[in-house]
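Trainee: Once you've had a glance at the structure underneath, I'll fire off some questions.
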Amino acid sequence: MRGATRVTWAFGCATVVTLAAAGCGGGAGGGAAAGSDAGIVRAFWTDPQNPLEPANTNEVQGGKVLEMAFRGLKRYNPRTGKAENAVAKSIETDDQQNFDITLKKGWKFSDGTPVTAKSFVDAWNYGALVTNRQVSSYFFEYIDGYEDVHPENESAKPKAKKMSGLKVTGRNSFKVKLNQKFSQWPDTLGYAAFSPLPEKFFTDHEGWLKKPVGNGPYKIDSYTKGQSMRLSVNKEYAGPDKPKNKGVELKVYTDQNTGYTDLQAGNLDVFDELPAGQLKNAKRDLGGRYINQPAGILQTLSFPLYRKEWKSEKAKQVRRGLSMAINRKEVTEKIYHGTRRPAGDLTSPVLSKAGGFEPDMCGDVCKYDPKEAKKLIEDAGGLPGGKVTLTSNVDTGSHRQWMDAVCNSINKTLDKNGACSVNPVPTFGEFRKDIAGKKLKSMFRTGWQMDYPLIQNFMQPLYYTGASSNDAGYSDKRVDKLIDEANAAGEAEAVAKFQKAESIVLDDLPAVPLWYQDGNAGYSQRVSDVRLNPFSVPVFTDIRVK
Amino acid sequence: MGRYVIRRLLQMVPVFLGTTFLIFVMVYAVGDPVNAMFGDRAPDPATAAQLRAQFNLDKPLWMQYVLYLGDIFTGDFGNAFNGQPVTELMSRAFPVTLRLALIALVIEICIGIALGVVTGLKRGRPLDSSVLMLTLVVISVPTFVTGTLAQYLLGVKWGWIAPAVSPEAPVGQLLLPGLVLALLSLAYVTRLTRASISENVRADYVRTALAKGLPRARVNVRHLLRNSLIPVVTFLGTDVGNLMAGALVTERIFNIQGVGFQLWQGIVRQNSPTVVGFVTILVIVFLLANLLVDLLYAVLDPRIRYA
């Protein structure tokens, strides 16, 4: 009898605990009433990877916020991708190396403090200083004195805290001296790392990180890491692109598929990370509220030219053969449902012809021709060691599927099973570690998402000797010289020089162009005028809420 | 009893040290988290070295572990790479998951035991067979299928619920995810109870009680059920831990920002402080749940005594 009561007590207790827990959550459940959401765009988001600072953000989700809450000297036109003056009134140079920058008057941060030349110089010095551990500090590497604040050597201590190439000359003007000639440098200044920072960033860093303050069209009202960020219209904003809605709520999702379900159910307005598995249905499911437009992303296959067997003249012929053995059209249609397009050069359609995009530059080498491919490879003595492997991380981007398809295509061409096999690496971190350590033995995936819409950005970081993303270990004196010349030349001439360098790279083929990647998004019936910019980030200021 | 509890608590220390060390080694052995922070670009060596020093990644593994453990005893679980203290993540994630797990547990206990008792008493009848069939179906269909299907039908097609749970995760929104999470264990609880009841229903003490003239219902609840619950309680005890850790799939489907989601994020981003911190807490939950189960035995069956 006594025991029985105890059993009852145990069950009763469990119930009470549950009810108590229920009580805690019940109150908060009401959430935002319908009224407070009027005019607010609800958009998909995942937590930024690093703390949200302009020079410490190198992925799309953090970049989304910076695009809303900050404006730099320049901004890339969301339609054309062209760099246009934002805070800058003028950026002038006579020698492509010394620049005089003047700011427009009247710009303010959302806390009311003015945007001055010092806001830029301090922010750039902060971003470049190695002890601040900013992952994008290399953006400042062209400024004179960068090596002093950011020594290349791992253990070296910075010699200075400020770059000697930056000089404030007045409240609204400053001078920049570069360590080399770089004609297109002003056009790189639209990148988020070059954003100005208010006084508060330096005096109350912790507080600033909890609620970042910028000078963009929106101001951040609240930021709960891992849950959501609410932004409202910044009344101090001096730029021309004032928001056409009342604000944006960025909602963190645990999974892309959940975001897609929520979009279909009408609880989410803008969703720019459509899961690969849904691309096939998206057009039908969303009934026209589906966007597919070029983005500055190129996928390539690189070869480890740092290895003997891939360096030789014969290996070059093998690389050409492998390129011709890949049926790009079929992969882009069957696996990616038209959200990728077969690539014919090393840039991206977002550059447009004037910016250096030339879809036929690669010529026949990038066209599927199994007969010629087989002949080329066999004439060169076959694949090195009789077979090749294709390596990539497989945790994102449905890489596994296209790798299988490409290998099948190569096997079919060579009429030999096992000529090409896939080598999947579980995580991106591990894959990048192998690449950085130059440990790859055969073909591997290299994707490039542009930092700014310039042909320079598609060439120099990737194919200049010893450049930061030259994963193939490619080195050619002619290419280096042409890139140097292009940087010293005026803008129009620069593009032609870069293209000349590009054609040499395509001839050597350290990397085989695969496909241009498009940006995809879907939106709800509640909103209109949704578009993506060339970085495949939604242009939030344009969105209207019905 | 008191001495037994103390002995058990002391036994937990080596188990705790062993498991956390294993997790620590496993997480830190997989790749280099600093590399992934730089995206598609080779890490800049100077910045990478600074970051490694900040997270103690430049020291030998055993020293990292000792430093980490030292911090844990002062209540400092370190920072995630986005600068957020892991304790802050925990204080937000654990209440949400606890609520979800408790909802699942209550569903499991109420429905599972009731179904188990009914089928155990009516063995071989059509009701018994149909419930058995149903549990078999539930066991064989993976959670992500039931979850996604329920979400699509109830959330998108019929619009009865919001497909994604809001960050505050109120109980009303957690009912469906709780049911999905509970389903698998529910099937096991039903089957365990059924087996145990149908075994004990023919035991001597039941016959004696009935012969004494006690009413059938009273015998079933006070005598039969109490004795039959021991294996079920064992299962439920370990299931508390499982529900919290195993909520990973359910939490992803329904956008619940709890322990499973944080763990998954930590693994995807190779965020070692998050993963090790959360698993450490889960280990403690497991150990305590097991202790509680052992103590409950004595309540259910007074013959079991602890000296």
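Heads up, the Cβ atoms here are built off N, Cα and C, so glycines get one too.
Features from TrEMBL:
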TRANSMEM  B:12-31  transmembrane segment
DOMAIN    B:94-297  domain 'ABC transmembrane type-1'
TRANSMEM  B:98-119  transmembrane segment
TRANSMEM  B:131-154  transmembrane segment
TRANSMEM  B:174-192  transmembrane segment
TRANSMEM  B:275-300  transmembrane segment
Trainee: Counting Cβ pairs under 8 Å to the transmembrane segment (B:275-300), which of B:12-31, B:98-119, B:131-154, B:174-192 comes out on top?
Mentor: B:12-31
Trainee: Kindly say whether the transmembrane segment (B:174-192) and the transmembrane segment (B:98-119) touch, using the definition of 3 or more Cβ pairs under 8 Å where each pair is 6 or more positions apart.
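Mentor: These two stretches do touch.
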Trainee: If we skip the immediate neighbours and take only residues 6+ beyond the ends of the transmembrane segment (B:131-154), which ones have a Cβ under 8 Å from one of its Cβ atoms?
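Mentor: Those are 115, 118-119, 160-161, 163, 176-177, 179-181, 183-184, 186-188, 190-191, 194, 249-250, 253-254, in sequence order.
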Trainee: Taking a Cβ cut-off under 8 Å, which residues six or more beyond the ends of the transmembrane segment (B:98-119) line up next to it in the same chain?
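Mentor: Hits for the transmembrane segment (B:98-119): 127-128, 131-132, 169, 171, 174-175, 177-179, 181-182, 185-194, 196-197, 220, 225, 229, 232, 236, 239-240, 243-244, 247, 250-251, 256, 258.
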